[in-house]
Amino acid sequence: MSRVRSAMSVRSNGTGASVRSIRSKGTAASSKTGGKGKVPTVFEFACMACAREKNNVEATNYCTDCAENLCASCVKQHLKFPAMKDHKVLGKDARRNPDDASPPRDSPLECPSHPGKSADMYCADHDEVRCGACIAVNHRTCINVMLVQQVARGVTKTEEFKTVKAEIQQAKKNLVSLKKRNERGLTGIEKQKVAIVNKIKATRTRLEQVLDSLEQNTLDELEKACARGSGQLKDDIKVYDDIMASLDAVTGLFSVAKSGSEGEIGVFVSMKRAKKKIEESARVFAFSKSGSAVDPIKFIPDSRISGWLKSLRMFGTFSFQKRVYVGELVGKYNVHTADDMRDCDIFGSEFMKNGTLLLCDWDNKCVKMLDSQLNVVEALNVDGSPSNICVINPTDAAVTLPMLKTVQLIQLQPKMALKHTIKTAESCRGIACHNAQLFVVCGGFKGEGEGKVIVYSISGDLIRTVERNNAGQRIFSCPIAIALSGDGKVIHVTDGHRGLITMTPENDVISVVADRDSYWPCGICMDKNDNALVCNGQSNTVIQVSGVRKIGTILSKKNGLKKPHDVSFDLASMRIVVTVSKSRFIYVYQLKTPAAKEVAEGTVTVNVAEDGQTKLPDINRKRNKTTILPESIDLVRQKTAEDLKTSIRKNAILTNSVTSRKTIQQTTPSDVTASNFSQTDSEMTGLSSRVTAMSTDRRTGNLGNTRERSISRDRSESSLNRRNSVRESTIVGKKAGNSRQK
């Protein structure tokens with residue numbers, strides 16, 4: 001129905017919420033319908049409140065709370081009363097027919113924050129069109145604020161208008177394409193549903209066939225049992241008949257026996273045979289008292305069948321098809337910067353949704369940001385050596401600092417900067433974020449407490465600790481890294497001793513993946529299909545785990561992989577980045593799922609996991625000797641200085657002379673420390689270089705007993721040299737004191 005304008009004069013104040021209608025004499029707008037000689041004007045949207053009073057007035061607004069069209073006068077009355085002043089009243093474009101079930105669309109001319117008020121102000125600083133109330137509250141500090149009617153002059157001739165118009169067409173085209181794709185997806189889902197329904201029914205048919213077979217086998221066995229019982233009864237009846245026939249024959253001879261010797265002979269023989277038959281009947285009768293002639297046939301249903309069926313909820317499970325990836329090396333990228341003092345040793349990495357890559361450089365104590373082309377664009381120094389990193393949101397990330405027992409939050413945009421920290425009770429390594437919660441892997445290494453996963457809020461509040469399962473058994477031995485599925489219902493933790501531990505948020509361990517390709521699992525990431533990609537530092541592999549089982553090995557030594565530390569997945573390009581020990585380069589591999597034709601032709605080699613490579617968790621296994629995290633040079637120097645002070649105090653106690661005590665008092669610990677550091681500078685330099693060289697080996701579990709004994713021996717020798725130096729300085733001081741006394 002076309003809209004018919006009335007002859008009345010209408011004046012609007014620009015807000016659309018308080019429109020005053022001026023009625024003149026003889027105008028049908030103010031008259032009741034059906035007046036004499038007057039033809040009422042028909043409006044497309046009439047005021048429903050006036051219609052109840054039999055007045056015909058055009059509606060100028062729409063109230064979403066009352067679900068009614070209202071005229072300007074009714075809007076004033078509507079907003080006058082406290083009970084209705086909070087109702088949401090929209091403008092003209094929100095009006096709707098009473099029978100229209102579709103919700104009103106927001107008018108592009110109204111302020112999005114204040115429906116019913118027109119957007120008549122433009123802020124050039126934020127490029128936003130708002131109403132005066134928004135400008136007064138949210139844009140009061142802006143300078144370039146103008147009226148829309150001033151800015152809008154000649155807008156149709158500007159390049160921006162043409163560009164936006166073209167972009168609208170392109171956006172609509174893209175949306176149409178997406179809509180068609182989704183519609184095809186819906187059609188595909190319906191087809192899949194029909195196929196799965198047929199499969200379910202086929203499963204039911206197969207089960208019925210199995211049940212029919214079980215029933216027939218049971219009936220056949222019943223027939224055999226009945227045949228055996230009836231045959232035995234028939235044989236017993238024949239025995240009874242034979243004995244009774246023999247006894248009847250003897251009894252007949254007794255009654256017809258003749259006198260004389262011949263008759264007596266017959267009676268005697270018959271009597272003796274009768275005694276034999278009587279004994280047989282007595283034995284049979286006595287046997288019959290012990291029980292029935294044949295055991296009764298009983299049927300005991302197998303309770304396992306019904307119990308097993310009751311334990312099932314469905315005929316099967318639903319899952320998406322997941323194939324094994326194959327990795328092809330794209331290239332290696334140099335991530336070493338001019339400010340780096342050492343080669344990179346990257347233990348943690350993670351991609352952001354926009355393709356930006358974050359790296360944790362342990363040796364250079366910094367977090368690096370790489371663009372989508374994998375060029376280092378920014379580096380942020382942190383207080384300690386960073387181990388792992390996780391992205392919280394597009395502007396924030398969290399980094400673990402094991403030596404400081406701290407989780408450092410970092411601002412990513414517009415420029416990288418340090419934020420607040422979260423203190424942990426143990427050294428922290430792996431970290432992951434899900435639903436604004438931080439899952440931090442702590443402990444488990446030598447000198448630390450039991451391995452655990454501690455869950456914090458973003459602000460640092462402790463939420464819970466995952467350390468033991470519901471049976472009270474320890475879950476972890478040497479946990480390193482952690483990753484969660486998209487819905488958070490599956491948690492994967494790499495454990496250097498036990499393998500890849502998969503568990504639920506309720507602390508139930510559901511599987512442990514451990515085989516020859518999963519030796520010292522360390523880095524882990526999740527792809528878009530919730531496949532876990534795990535790199536193993538000592539078996540030099542990257543494996544793929546789907547759900548609770550390993551389905552294949554993506555990379556191995558054959559691909560040139562050596563001592564990998566971490567792996568991260570790029571959602572946009574289906575690439576993975578693998579970091580390795582002590583290298584300035586990161587390695588990029590393109591992942592793809594090979595086609596059957598490629599596999600058949602041998603152009604692609606797929607390393608599919610064999611059956612039985614997932615084992616049950618061995619919770620009670622003793623923890624093996626774990627390795628030590630690398631110590632920083634400052635920490636080594638601090639410990640050495642403390643040892644030196646201790647040796648000085650011991651020498652002072654052993655010296656009984658007053659002069660030696662005065663010498664010790666005059667020689668301050670700081671002076672002695674400085675002098676002895678200068679005397680043993682070469683020793684400290686060698687010790688520092690050895691500790692630095694072994695940092696990666698200690699972090700990844702490659703440190704051997706020989707190297708540990710070597711460090712211990714070096715420290716013992718260094719301590720011995722320092723004690724000798726102190727003793728010599730004490731003797732010199734004593735001689736000098738004696739000479740002064742003389």
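Placed from the backbone N, Cα and C atoms, the Cβ positions cover glycine too.
Range with TrEMBL annotation region 'Disordered', chosen from 1-36, 181-216, is 1-36. Across the domain 'B box-type' (50-92), mean pLDDT in this model comes to 82.
Sorting the domain 'B box-type' (50-92) by DSSP state (H, G, I as helix; E, B as strand; all else coil) yields 11 helix, 10 strand, 22 coil.
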